[in-house]
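Trainee: So that we are looking at the same thing, I have put the structure below in structure tokens.
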Amino acid sequence: MTARRTRLIVALDTKDTAQAIRWRDQTALSADAIKLGLEFTYARGLDAVRQVADGGTLFLDLKLHDIPNTVGSAIGSLAALRPAMLTIHALGGGAMIAAARAAIDRAFPAGARPLLLAVTVLTSMDQDALHGIGIPDDPCAEVLRLGALAMAAGADGLVCSPLEIAPIRDRLGAAPVLVVPGIRPAGAASGDQKRIMTPAEASRAGADWIVVGRPITQAADPGAAAAAVAAELAG
Ligand SMILES: O=c1ccn([C@@H]2O[C@H](COP(=O)(O)O)[C@@H](O)[C@H]2O)c(=O)[nH]1
């Protein structure tokens, strides 16, 4: 059996195209992919996303969540960017996820289809936050419930916190591609993230990809910070 290698996605969360390109270049030797999300895309638009991605591996994290027809049509509008991964919210439900699956299969050529990733429970949410929106389960139970629903509706993988990796593998096996934010190297500030682990812990737990933003981009030397995370994953 070949060991799974955990790969690093660097989240380029900024409104500034030049800054995003600088971080992309500073971390290029260590990162396997870049992530562009709501902050950058709303500020700069899809042409700038294409410019920053520059043909590299792009995780386009727009977390689509709307009625099935709208989500399917929106995915069609993203096809020209050729992302490697796209996100939707699992809370949109089975019909929305199935519409996203169908749109990917329709709008992207075979061999160039992005992974459809369902965001389960945001890594910034703890049990109190879930209770606050009327969900009685603890985060892990809710991730498992939404994860099973999303995979049954056609998702390729899940976005979850590192704490849920092992329970997902137990329940859903090796098939879901697990993309894992909520990563904090030892000593790094957690900020708004609630369900966290270090890169090495997430890798040992079985993450396929980890997503790291501020611990790299806000470091004095983003290139060195990315190299340190990559070294943890390799070690
Ligand atoms: O549940 C989720 C889903 C997505 N994210 C995104 O990952 C990065 C994490 O950035 P840090 O600076 O390392 O906290 C960010 O772009 C989020 O939008 C997430 O954190 N949790």
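Every residue, even glycine, has its Cβ placed from backbone N, Cα and C.
The model shown is predicted, which means the values in this text are computed figures rather than measured ones.
Pasting the feature list from TrEMBL:
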ACT_SITE  Lys63  active site, proton donor
BINDING   Asp13, Lys35, 61-70, Thr123, Arg184, Gln193, 213-214  substrate binding site
DOMAIN    7-229  domain 'Orotidine 5'-phosphate decarboxylase'
Trainee: Taking only the residues in the domain 'Orotidine 5'-phosphate decarboxylase' (7-229), give me the average pLDDT of this model.
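Mentor: The average pLDDT of the model in the domain 'Orotidine 5'-phosphate decarboxylase' (7-229) works out to 98.
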Trainee: Just to verify a number: CA distance, Gly213 (substrate binding site) to the residue listed as 'active site, proton donor', in angstrom, no decimals.
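Mentor: That separation, Cα to Cα, works out to 17 Å.
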Trainee: Compute the C-alpha separation of Asp13 (substrate binding site) from the residue listed as 'active site, proton donor', stating it in Å without decimals.
Mentor: 15
Trainee: So which of the recorded positions Lys63, His65, Gly213 sit close to ligand 1, that is, with a CB under 6 Å from an atom of it?
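Mentor: Only Gly213 meet the Cβ criterion.
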Trainee: If you draw a 10 Å sphere around the Cβ of Asp13 (substrate binding site), how many other Cβ atoms fall inside it, taking every protein chain shown into account?
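Mentor: Taking all protein chains shown, Asp13 (substrate binding site) has 19 Cβ neighbours within 10 Å.
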Trainee: For the residue listed as 'active site, proton donor', list the number of other Cβ atoms lying within 10 Å of its Cβ atom.
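Mentor: A 10 Å sphere around the Cβ of the residue listed as 'active site, proton donor' contains 16 other Cβ atoms.
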Trainee: For the C-alpha pair, I'd like the distance in angstrom between the residue listed as 'active site, proton donor' and Thr123 (substrate binding site), rounded off.
Mentor: 13
